[in-house]
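Quick notes on the structure that follows.
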Amino acid sequence: MTSNKQPEVNIGLVGHVDHGKTTLVQALSGEWTDQHSEEMKRGISIRLGYADATFRRCPEAEEPEAFTVDEHCDDHDVDTDHLRTVSFVDAPGHETLMATMLSGAAIMDGAVLVISATEPVPQAQTEEHLSALDIIGIDNIVIAQNKVDLVDEERAMQNYEQIQEFVEGTVAEGAPVVPISAGQEANIDLLIEAVQSEIPTPERDPDEDARMMVARSFDINRPGTTWDDLMGGVLGGSLVGGQLDADDEIELRPGREVEEGGKTEWQPVTTTVRSLQSGGDFVDTVTPGGLLGVGTGLDPAITKGDALAGQVAGPPGSLPPVHETFTMDVDLLERIVGDDGGEVDEISTGEPLMLTIGTATTVGSVTSARDDECEVALKRPVCAASGSKIAINRRVGARWRLIGVGTLR
């Protein structure tokens, strides 16, 4: 299941906790996305998990059986043809991790909504994730009706009808529903066929400035590494425009918080691209699509533990402005997304909101709210262009709940 082709599209795997998203990634890519030790303990994806999968086609077989992820077709004893490599973003389904899901949605070109046939539709996070796709405007969607091997035909049919009813009037209306069993790897060919037709590779402009949304950052050095062997910090995320080459100089904004003369301010960080990893291989150049790792000259102490997640990277001087306060046009949902689903009240001055812009999540305090706009002072600044979409979450009880979408003025 290996491939040296760069991924060209990012596909989100979204849906309720334990509905089988991570198992599905494993069936498609042979990789398990839960790499985080805490995730192994809790059995849920906490940070975004990434895995690449290469879709292939057997030249001798009829469709849809021809679609596969295997390099060799045993039935016809021939090597399969490469179609394209895609990156899967496995977004957490646990409700307290909604912010992570939203920041992941910023780099998705399409999504597979995984819904288990063993439970009534919709479950709370299924609804929440679909609202997030709606808000961010992701409408290339395929629905995987998973675990059909665990129910009888009548129950599977009831579940299918519930799914159709649930997606009516949303971005997923009309999306194909593919019955699968990720655990048994059944109907994976049908799922690949649906993804190939519903989630095309977007057209990209290679001549624009490189722009990378940083979703993760790491220190890859093992404890006890000697000074001579120390590797620079690594950024993980997605290139959304232009192309990036090894040895390019890049700037990260908003950068780092620096204390000078008793005052703290945010300063951009500049570094050199030391290495590029895409599709599991080291490459000299990356273009948009897929998820990439960028080895840098940064001190690993400032990249460890996702400390630079939410930054934007690109050639120095080319990035959008950094905002410590901003005004946004607000479009509220009618009801709070989640299991209790009360009505959404207007935003009021002084209330705290959790805002997700691109891959950045920050808390802001509303300094002024009137009609369909509000001004917000941010705890952590964000780098974002005018017109950027903002997912707005409000504290309801002990949790942050999605209540609407903002557009940056």
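Each residue, glycine too, has its Cβ placed from N, Cα and C.
Feature annotations, courtesy of Swiss-Prot:
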type	residues	note
DOMAIN	6-203	domain 'tr-type G'
REGION	15-22	region 'G1'
BINDING	Asp18, Gly43	Mg(2+) 2 binding site
BINDING	Asp18, His19, Gly20, Lys21, Thr22, Thr23, Asn146, Lys147, Val148, Asp149, Ser181, Ala182, Gly183	GTP binding site
BINDING	Thr22, Ser45	Mg(2+) 1 binding site
REGION	43-47	region 'G2'
REGION	90-93	region 'G3'
REGION	146-149	region 'G4'
For the region 'G1' (15-22), mean pLDDT (0 to 100): 75
Rounded Cα separation (Å) that holds between Ser181 (GTP binding site) and Asp18 (Mg(2+) 2 binding site): 13
Least buried by Cβ count (within 10 Å) of the binding-site residues Thr22, Asn146, Ser181: Ser181
Among Gly20, Gly183 [binding-site residues], residue with fewest other Cβ within 10 Å: Gly183
Number of Cβ atoms other than its own within 10 Å, given for Asp18 (Mg(2+) 2 binding site): 18
Asp18 (Mg(2+) 2 binding site) and Val148 (GTP binding site), distance between Cα atoms, whole Å: 14
DSSP-derived helix, strand and coil totals, residue by residue, for the region 'G4' (146-149): 2 helix, 1 strand, 1 coil
CB contacts for Val148 (GTP binding site) [other CB atoms within 10 A, all chains]: 23
Secondary-structure category, per DSSP, in which Ser181 (GTP binding site) falls: strand
Number of helical, extended and coil residues in the region 'G1' (15-22), per DSSP: 2 helix, 1 strand, 5 coil
Whole-number Å value for how far Asp18 (Mg(2+) 2 binding site) lies from Gly183 (GTP binding site) (Cα to Cα): 12
